[in-house]
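Undergrad: Below is the structure I would like to discuss, written out as structure tokens.
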Amino acid sequence: MDNCSLPEVTILPSATKVKEGGSLMFECHVSGTPPPVASWRTERLHSRHVFERRVMVSTLVLVLQLLEVSSKDNLHNLTCEAENQAGPGEDMVQLDIEFPVRILFLRKAERQHHWCFPFAVDGNPEPTIQWLYNGKELTENRYTYTQLFPDTDDGSVKHGCLFLNKPTHLNNGVYTMVVRNVLGHDQANATGLFMNSPADNFDDGAIPVPTNTSNKHVTESKESRLFVISVAVGLAVFACAFLLVMLVVINRCGQHSKFGIHRSSVLGTEDDLALSLRFMNFGTNPPCTEDDSGLSSFVENPQYFCGIIKDKDMCVQNIKRQDIVLKWELGEGAFGKVYLAECANLSPDSDKMLVAIKTLKDANESTRQDFQREAELLTVLQHQHIVRFYGVCTDGEPLAMVFEYMRHGDLNRFLRAHGPDARILEEVKMPPLGQLTVPQMLHIAGQIASGMVYLASLHFVHRDLATRNCLVGEGLVVKIGDFGMSRDIYSTDYYRVGGRTMLPIRWMPPESIMYRKFTTESDIWSFGVVLWEIFTYGKQPWYQLSNSEAIECITQGRELERPRTCPKEVHLLMQGCWQREPQQRLVIKDIHSRLLALVKNPPLYLDILG
Ligand code: AMP
């Protein structure tokens, strides 16, 4: 095209400071050949606004008037877009709306690494924050300090915590947050109940406000001190006994394999979860009922998937039992043992191959049919980052599935064995690889993302993505090795809340916890948790919380903390996966390409603490 030029877009004026409730006027000047079409992007604007359109000589002028400017638009990037056959053009100005500071919330202290009073404040110009403890000024120090969380992606709202490091009953009381900016001030109270003191006889929630806390403790009698000490010793003995019991339980869980972990350490006992759900008001009816097909309503793999299988006319390979020689046990899932085996006649290139054999114990006619159906599904899933399925062995008992052998086992164990606590965890059997580096972690994450891109392209919802369900092979090759659908095939009881409940709640987004909604977007949330697992060397998400506390945190919108070894770019990815609105979460293709870019160009990361 002759005389063709890209649109030129300029917003006037570029200064945008105004007080809340005031008005602003902007002109967007657009020129270009051929004449571009142009518009303001106002769909996310809260302030009332009107448009006007003027055409000057060769320039189109779009006027946008903001009336009664809302503080919600502070820091909003006002954008004017234009396009012609030559391409697009745009200009942007950031709104700077001044308004009195206000406290959006201040909640009672909750336990994280340290105790935290979570708060959110909003105000422009930036407010100052001050704290009072029982009405008196609280001096911040290394044990009591305010911390704001960067990049919360919430406009000008600042989220943060007043942290208290190891507070005792001496710190119980009323904490007042006072915020000020030049346009106003606000304050709010929250209670901190960290430990019950025998001297303070109060119930949860009814915290007395001592008029002179320090004096009170100075004048404690010898008897009361003695009493405090004996209670403390009693508590310590109880804590030790409790720890011992926990160690025994954890030890037992450790002997189970992946499915075992689902049953116990990840999900806790059935009662624990049922309790949690009741606590969250989900549990009056059994949250998971059976539908007509007899499957739990958690069991919802799309019909569409079956269509694909039929279209492809898949054939599941039948492997003769006599071709399989078991070597030793690799682990045990909820539905049977997993063995390392040598298998003959699998491939024309080699006469014997190492394989992993998953057996199915106690098979009846219906589980046999389910087994066959899963085998058909697994036959369809073929990708370099999905563990390879070779076929089934159905002549005789037990029924078995034959998979490619992944030498380093499941990714969670692998991460722990290559993290700072490898010695404590005594994963001595692992080959020495040293501690994983950030580029290696990115490489692992990129491979899982690649497998997920493939599953999403088939509209397959995994529902249980976690590092324990990924496998590690030679040369740091990582593959997704276990599928959500295994649960429905092997046991429809698996997701029953009324019966045996084993939901991977720590990996689940709020909508899956509250409404049992599992989608490609809920898989994205889990992928964010997988990233977190990788960058914490296999820590359990919300390890410091019980199941019910984890449910409460997730549904309240709390996020897992940024791991120490995690570059900012990766933390942004995690946060993109943990958007509360499923539609606002990143899509797996973008996550994958961003990870690939980071693998090629690893971010410079200095662990200043370590
Ligand atoms: P699962 O029944 O899938 O939970 O597997 C139980 C355990 O067996 C896992 O934690 C792995 O350690 C091991 N395992 C499962 N599949 C394989 C495989 N293909 N290659 C090597 N080890 C495996």
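Here, residue 1 is simply the first one shown, and the rest follow in order.
The backbone N, Cα and C atoms fix where each Cβ goes, glycine too.
TrEMBL labels come from automatic prediction, so no person has curated them.
Got these off TrEMBL a minute ago, pasting:
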type     : residues                                                                       : note
ACT_SITE : ASP464                                                                         : active site, proton acceptor
BINDING  : LEU330, GLY331, GLU332, GLY333, ALA334, PHE335, GLY336, LYS337, VAL338, LYS358 : ATP binding site
DOMAIN   : 7-96                                                                           : domain 'Ig-like'
DOMAIN   : 324-595                                                                        : domain 'Protein kinase'
SITE     : TYR304                                                                         : site 'Interaction with SHC1'
SITE     : TYR605                                                                         : site 'Interaction with PLCG1'
TRANSMEM : 226-250                                                                        : transmembrane segment
Undergrad: When DSSP states are grouped into helix, strand and coil, how many residues of the domain 'Ig-like' (7-96) land in each?
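TA: Counts, helix then strand then coil: 3 helix, 57 strand, 30 coil.
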Undergrad: Less than 6 Å between Cβ and the nearest atom of ligand 1 is the rule; apply it to the recorded positions LEU330, GLY336, VAL338, ASP464.
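TA: From LEU330, GLY336, VAL338, ASP464, counting a Cβ under 6 Å from ligand 1 as near, the near ones are LEU330, VAL338.
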Undergrad: What mean pLDDT score does the domain 'Protein kinase' (324-595) have in the model?
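TA: The predicted confidence over the domain 'Protein kinase' (324-595), as a mean pLDDT, is 86.
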Undergrad: Find, among the binding-site residues listed as LEU330, VAL338, the one whose Cβ has the highest number of other Cβ atoms within 10 Å in the structure shown.
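TA: Per the Cβ count within 10 Å, the most buried is VAL338.
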Undergrad: Can you tell me the CA-to-CA distance separating the residue listed as 'active site, proton acceptor' and GLU332 (ATP binding site), as a whole number of Å?
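TA: The residue listed as 'active site, proton acceptor' to GLU332 (ATP binding site), Cα-Cα distance: 18 Å.
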